[in-house]
Structures are given as C-alpha cells and as structure tokens.
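Participant: Starting off with a structure, shown below.
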Amino acid sequence: MMTGIHNKMCWSRALHAGWLLLLVQFLCLEAVPISMDKTKVLEPEKKTEEAPASVDTGLHYDRYLREVIDFLEKDQHFREKLHNTDMEDIKLGKLAKELDFVSHHVRTKLDELKRQEVNRLRTLIKAKQDLEGGNDIAVDHQALLKQFEYLNHMNPHTFEVDDLDRLIKSATKDLENYDKERHEEFKKYEMTKEHDRQEHLKTLDEDERKKEEEHYEEMKKKHADHPKVNHPGSQNQLKEVWEEGDGLDPEDFDPKTFFNLHDSNGDGFFDEQELEALFTKELEKIYDPTNEEDDMVEMEEERLRMREHVMNEVDSNKDRLVSLEEFLVATKKKEFLEPDSWETLEQNQAYTDEEMKEFEDHLVQQEQDLYQKADDLQKQRDELERQQEQLNAQKVELQQAVEHMEKLKSQKVEPPPEIHGNAVPEMHEVDNQLHHEQGAHQVQEQEPEPQVQQHTPQEHHEHQDPAQQGLPQTHQDLPPGHQDAAHDQPNLP
C-alpha cells in the first residue's frame, strides 16, 4: 500500500523545459546510490544499445510522448541534430524541422503512433459522454479534439513537423505547471487525511476520543523529534553526502569533484532527479517507513520541496537544469556557506483554515449529490421492479391461456390411429351418423317446446277435421318416404 502511495506522489520528479531536457530525463536517467563510495567501486561496462526505463511524467499523453521520443532516437540523423542544437533553437521549433530528414521507417511508425493516439482520445471523449448520460447526443470529435494541443487534430493520419513542434511546446508548458499541480494534490491529500481523522473521532465516546487525541499529539511530537536538517544545497548538506555517501574526507570537499561524482549520466548537468538523490540523507533523519508517525507521502513532498528550492536558488537560466558553471557560482554565495535553517513540513502546514473549511463544504456538497443520485437510482430500480412484476403477470396469463387451448384440443374426438381397407366407408358412415345426431339434437334444443292447450268441449268441436282441410287422414295417404316417419309420431288426443 505504501508503495502505491509513493508511486502516486512521485510522477517523474525530474522534468525538463525542452526537447533535449526531456530526452535526457526520460532516456538517460539513472539514480545515484548515495550510500556507495564511488571512488572504490568499479564502473560497470556500459551497454550502449539498452536505454534506461523511461520515467512517467504524469502527463495524460505520457505514453505517446515517450514512444515518439524512442523512435526519433533510433534515427541517426535526428540524434546528431539533437545533440548539436542549442536549447533556445529547440524551444523555437528549429529541431522539429529536422523531421523532414528522418528515415521513412521512422516516419511510418510515427504516423501509426499518431493514429493510435487520436483513436485513444476519441475513445476517452466517448467514455466521458457516456458517463455524463449523453448517449443520444451526436459527438463533434473535431471540436473536442481542439483541447488537446499536443497534436494536430485536423490531420489525424500522419505525423508532421507541426505535430513534433506542438508536442515539444505542450510538454514544456505542462511540465512547467507540474510543480503547481503537485502542490495542490498534496494539499488535498493532507486535508483528506485530517477530515478522515475528525470523522473517526465523531464515532468514539468521550473517553476513547480523549485517548485518540493524546495518541495523535504524541505521534506529532515523536515525528518532530529528529536531528537537525541541513539547508538543501548548502555546504553542510553537500559535505554530509560527500562524507557519509561517498566515503570521502570532509576536509577534502571540492565542489567540482562533487558535481562530477553525482552527474550520473555525465551530461554536464544536474537534472531534477539527480538533485533529489542528494537529499536522501536529510530525509532519512525525518522519516522512517517503519515508524507509525512517519508518512512516506509527506517524505516525497519534502524531497520535492527541497529540489524546488535548490532549483530556484541555483538554476539561473530557468531551464530546469543545473550546469556545472551554475553550481560553482552557487557555492561561492553566502547562502551556500551560511544558510538559514530549513523548515520542514511539520513546521509549515500545507493548508489554511479557510482552505480546510472550503474543502469540508465541498465534501458535504459531494455527499448530498451522491445521496440524490442514490435516491434517483433507487426510484428507477423500484420502477423497473414494478414493470417486471407486470411482465411476469402477463406471462402467467399467457401461459394459462395456452394451457387452456391445449386442454380444449385434447377433448375433441379424434380418429383411431390406424385405418385399414374397408374400414374407411364404415368410418364415414359413423361420422355422418354422429353429425346427423348432433345436428338433430341441436335443432331440438333450439325449437321451443310445444305448449299443450286445454280446450273446452265447444272449442274442441269447433276444430276442423283433417279431412276438411284436405290433409291425408291415414298413413297410406302420405307420400312415399314419409310413412315411416309418420308411423313413429305419437297420436295426439
């Protein structure tokens, strides 16, 4: 866990103001082992073909930047121009024009890298839109890509001189703002830590809270109880490195020799990471990763504060490098020989009370927003569950209807499974008889029952005889085919 926090706060502490600085920083950096006596250790054989691992700059386009640098370094012509170009010319964009003379293989690879980077940015834009709930809104990628100044979005297919010039200028500007952003991140880290501590105290009863507060104050005092910290970049501080780190006699201290010993890549400059390596001994006086009271995130912030201070004091041309000449000039100043005491982080709180209050208010607002979103999501979930219940009920009804239809089908009279020879006519006759009986039964049910009327003798005599109405009086008088039917009819009174 501590390693993860350490990596988060150490995003490339050595960042340069120009293309040459970037190349030196990313491709030629090796940390100096402070505790070793370099005068007694044989230098290992140098492998010219293998470059040190690139340092993460913390920029969101760090991978693209490093891959472009790596491939440009493979071109012999560009490499030679790089080492022979003045820093000011690099900043003015003159080095970018040398891209026209780079080999076809390298240019082709740079084209591919740019296309991949443009696709990555488009994916990020789409992902951001999805998170904000704008799935139905058309995305103008060209307009949104304008915010990424380190590449020419109007030409997403090939890597041109303008792309290299943009990359140099954007990286320079972004890296110059890195320290400011780092300070803000550390301030937020410290305020969050204090906020969490206060919230924890609210969960305790009075006795437990008192014990927790006493323990907190005890840890603060224990952390502040450390040896005196030398002023970074002062004679006393460098002599301590000379004696304890390099194993040399402090009486023989020589600034030029010291510079050459700790210029790890031998380029004639102290870059930011080489400077930070010089402060390890001072930091070990304050921080111990095995101690509860020591925060390793704060240790890295202290290291960066020291480097930033030395750069401001010694780097006269503000190129984020310390040359041998600048270093020797600084060793003759009064501040180098008689420095003021160095105030560590525990003596300088990272935030003010007003900033803490604003931070707390912001957290409260964030919490309210989260509660509102959670409430909205719960309502959506309830609505979805209600709709699901309706669908389930409809499904049950449909299933019941299907089962009912199947039941009706199974109740119908079906023919035997096998019919042979002369059985067919017989089946037809049976079928016709069934249909005839069913039809007669239905007609009989539909016809109303005859009402039997009772007549008086006078009314009975008034009825005419069948012979008088011209109707047949006997069965024999009926037409053929109707005699049998008449025979079956009962005699009415």
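Glycine is no exception: its Cβ is also placed from the backbone N, Cα and C atoms.
Marked as compositional bias 'Basic and acidic residues' by TrEMBL: 192-220, 375-388, 403-417, 426-439. Per TrEMBL, the feature compositional bias 'Low complexity' maps to 441-456. Under the heading compositional bias 'Polar residues', TrEMBL lists 466-476. Annotation comment: TrEMBL describes 250-285, 302-337 as domain 'EF-hand'. Per TrEMBL, region 'Disordered' is recorded for 192-234, 375-493. Feature annotation from TrEMBL assigns signal peptide to 1-31.
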Participant: List, by number or range, the same-chain residues at least 6 past the region 'Disordered' (192-234) whose CB is under 8 A from its CB atoms?
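Facilitator: Those are 240, 279, 282, 285-286, 291-294, 306-307, 309-310, 313-314, 330, 335-337, 339-342, 344, 346, 356, 359-360, 363, in sequence order.
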Participant: I'm checking region-level scores; what's the whole-number mean pLDDT for the domain 'EF-hand' (302-337)?
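Facilitator: Across the domain 'EF-hand' (302-337), the average pLDDT comes out at 91.
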Participant: Tally of helix, strand and coil residues over the compositional bias 'Basic and acidic residues' (375-388) according to DSSP?
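Facilitator: Per-class counts: 14 helix, 0 strand, 0 coil.
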Participant: What is the three-state DSSP composition of the region 'Disordered' (192-234), stated as helix, strand and coil residue counts?
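Facilitator: Counts, helix then strand then coil: 30 helix, 0 strand, 13 coil.
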